[in-house]
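Just below is one structure, and these are the notes that go with it.
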Amino acid sequence: MNTATSQPRRLTILGSTGSIGTNTLDVIRQMGGRDRFDIMALTGHGNVALLAEQALVTGARLAVTSDENQYIALKDLLSGSGIDVAAGSSGLQEAACLEADWVMAAIVGTAGLQPTLTAAARGADIALANKECLVSAGELFIETVRKGGGKIIPVDSEHSAIFQCLDENHRDTLERIVLTASGGPFRTFTRQQMADVSVQTARAHPNWSMGLKVSIGSASMFNKALEMIEAKHLFDLTPDQIEVIVHPQSIIHSMVGYSDGSVLAQLGVPDMRTAIGYALSYPKRAALDVDRLDFTKLARLDFEAPDLDRFPAIRLARTALERGGLQGAVLNAAEECAFEAFVEEKIGFLAMADVVEDVMDHLSGLAPATVIADVFAADAQARRRAQEVILNQGRTR
């Protein structure tokens, strides 16, 4: 018997308490749980009760809260369990350094960049749900993974679909990729209607169950903007090879077009566990308890071009792709600030794009990054400028 194949696979989940993290743990449970997987580390933020519960159920070796104020609470919850506890950015780094073979990168925002880079540098396979690694760090992140010797397996449903449909053996015949977008809750709204929408309305996605940040990003289509930039780096595409189409039913997750006119698409019910299961079992496929697609019940599949007047995020992504350099990092940082301002009711829904465009134009002359410190510097500059713009927006509301 080959004992190497019988050893549990070592996993770390960066961001286990969010939507992606909880779905990942469900997939792990379905695929055999502790009999097949050794959980090295779980990380979360403020929900330490859930984090502690997850750590106890999975037998994780380390539990980390990125909120240093929650360290004592987490330590108390895990007292006597034998599970190590850490906190803050140093705790995230400790989790990333543990010898996991496979790391789910699901921390939302720029906070997930450094620990994911650390895991990639030591050679782990990265199941990538964090958008900022590619949007902000781009080629630097790709190069880190290459040097480490691991793989990137996308977890976004759109990029997972492209990953599954893209034939690398015939890469020279690739013409385009088509990212599908649901259009979110405001697909049929006018700009006037969108001007006064609330946070609660914006977070109510018609198809997917997601966290607040991703739900608002779907409503504004900034999620799709980030995915366009991700796709460029992940699949080594030119800007004109990247298309976006609105598909309200979210059944076709994305498509790849080839030079002979063929288009390959990946279909399925909207359930993140499918993409997570593929990332965890790649290059095989897992047997998962998810709903199956019933074609007899599909009344129709609709497609429409995105309205760039109502959803300028797509236009801003194209600008970032054309400018290159650090524009992705700038767009991402400005969007995070604009999102926070909208959630805190400092600016309106449509003003988020105004903030991002101002910051991108203001910092359009930044030199390309040569080291990761350049990315963090651009991120800081963009956030400072965004806060200035948000302050002025608030005064004029």
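Keep in mind that glycine also has a Cβ here, set from the backbone N, Cα and C atoms.
What Swiss-Prot records for the Mn(2+) site is ASP156, GLU158, and among GLU94, GLU99, GLU227, GLU243 the residue it adds there is GLU227. NADPH binding, as stated in Swiss-Prot, involves THR17, GLY18, SER19, ILE20, ASN47, ASN130, GLU132; the candidate among GLY211, GLY217, GLY257 given for that site is GLY211. Sparsest Cβ environment among the binding-site residues THR17, SER19, ASN47, ASN130, ASN223 (other Cβ atoms counted within 10 Å): ASN47. The Mn(2+) site, placed at the center of the C-beta atoms of ASP156, GLU158, GLU227, has further neighbours from the same chain whose C-beta lies within 8 angstroms: PRO154, SER157, HIS159, SER160, LEU179, ASN223, LYS224, GLU230, ALA231, SER254.
GLU227 (1-deoxy-D-xylulose 5-phosphate binding site) is surrounded by 28 other CB atoms, counting those within 10 A of its CB over all protein chains shown. Note: the Cα of ASN47 (NADPH binding site) and the Cα of LYS131 (1-deoxy-D-xylulose 5-phosphate binding site) are spaced 22 Å from each other.
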